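Asks: My structure is below; once you've seen it, I'll send some questions.
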Amino acid sequence: MYVITGGGTGGHLAIAKALAIALKDKKQSMIYIGSMQGQDRAWFEQSDLFEAVYFLDTTGVVNARGVSLARAMWRQLKGIFSLRAIFAKHEIKGVISVGGFSAGPASMAAVLFGRRLFIHEQNAIKGRLNQILSPFARVIFGSFEDGGKNFIKTPYPVRKEFFLESRVRREIKTILFLGGSQGAVAINNFALSLAQDLILRGYKIIHQCGVKDLERMKQEYIQMGIFGKIDLFDFSPDIFGRISQADCCVCRAGASSVWELAASGIPCLYVPYPYAAGDHQYHNALYFEKKKLGLIAQQKDLTPEKLWEFFEFIGPNMAGISQGLQNTIQKNGAEMIVGRIMDSLQA
């Protein structure tokens, strides 16, 4: 029996789901351990992928200070020791961590209670928890470069739908502004500054603005007189349908986003979230920029001119960039990771 643990945000949870599906396809049983905070319950409370799901009363530690830090640490410790009985009940052999604060208790419990720990590091820069746990992990999987002795490079576990809808982009007709499940005010404002001009030039706009900013964006587009010409939405778990229509994208640089868009063959103007831990979004985007497969625009420098520079960058070789992005990732990332884990447990 396996544990899949981690989440908090959509990027981590998408990996958890992909690995769970791959394990289930191989007739393996598993449970999920996450947190009552964040998005874990929304994703998995009613899921039929797991034999059981557990949501612990935990919060993040990295950004906590003072009393909040002490409270967060206490909740993590309580969570760790509550798992001894759960591990025994389900005869857990291996724990697979996909990162995020909700991975803390089960990952630490794996080390303390003698279960094999496997880590998927989604970003180009390791998160704080994974830095601590890496020496104790049987294997660390990742899609960016690392070089650690227990690191294995594997394709990012992207849902098959992104590959099925993938195509080589040859011309800019439709632009996707992608703020992620939480939205991104900077990208939303960037879209507002460009929308009228883009519509006048004949471009189509698809805009994911996040739940919190939906009403503001709707009113702004209505006042501009272009609301009916824009595909505006807050969030969709089936985002690949929108992505399949787009020819290029302005987006944050979370790991799941950059790899999903690469699998789809969509050239991107990456706007890294400037407050991400370890500036990992910048380093995620840098991986593609160094290969000349995308451009980075820092949030503080985000002006309309950046989009026109991006258009000039991709224009002469759009098909080559699109094909190059597709070539950075294979379809079978989740299957490769699960296969390695199963082999390791049998060794």
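Cβ atoms are placed via backbone N, Cα and C, with glycine included.
Okay, these came from TrEMBL:
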type: DOMAIN; residues: 3-140; note: domain 'Glycosyltransferase family 28 N-terminal'
type: BINDING; residues: T9, G10, G11, N123, R159, S181, Q281; note: UDP-N-acetyl-alpha-D-glucosamine binding site
type: DOMAIN; residues: 174-308; note: domain 'Glycosyl transferase family 28 C-terminal'
Asks: Using DSSP and three states only, what is R159 (UDP-N-acetyl-alpha-D-glucosamine binding site)?
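Replies: Assignment for R159 (UDP-N-acetyl-alpha-D-glucosamine binding site) reads coil.
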Asks: Could you tell me which three-state DSSP class T9 (UDP-N-acetyl-alpha-D-glucosamine binding site) falls into?
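Replies: Looking at the DSSP assignment, T9 (UDP-N-acetyl-alpha-D-glucosamine binding site) belongs to neither helix nor strand, so coil.
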Asks: Restricting to the same chain and to sequence separations of six or more, state which residues have a Cβ under 8 Å from that of N123 (UDP-N-acetyl-alpha-D-glucosamine binding site).
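Replies: Listed in sequence order, they are F144, A255, G278, H280, Q281, H283, N284.
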Asks: When DSSP states are grouped into helix, strand and coil, how many residues of the domain 'Glycosyltransferase family 28 N-terminal' (3-140) land in each?
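Replies: Summed by class, the stretch gives 67 helix, 26 strand, 45 coil.
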Asks: Would you count the other C-beta atoms found within 10 angstroms of the C-beta of G11 (UDP-N-acetyl-alpha-D-glucosamine binding site) for me?
Replies: 23
Asks: Would you mind ranking the binding-site residues T9, Q281 by how many other Cβ atoms sit within 10 Å of each Cβ and giving me the lowest?
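Replies: T9, out of the binding-site residues T9, Q281, has the fewest neighbouring Cβ atoms within 10 Å.
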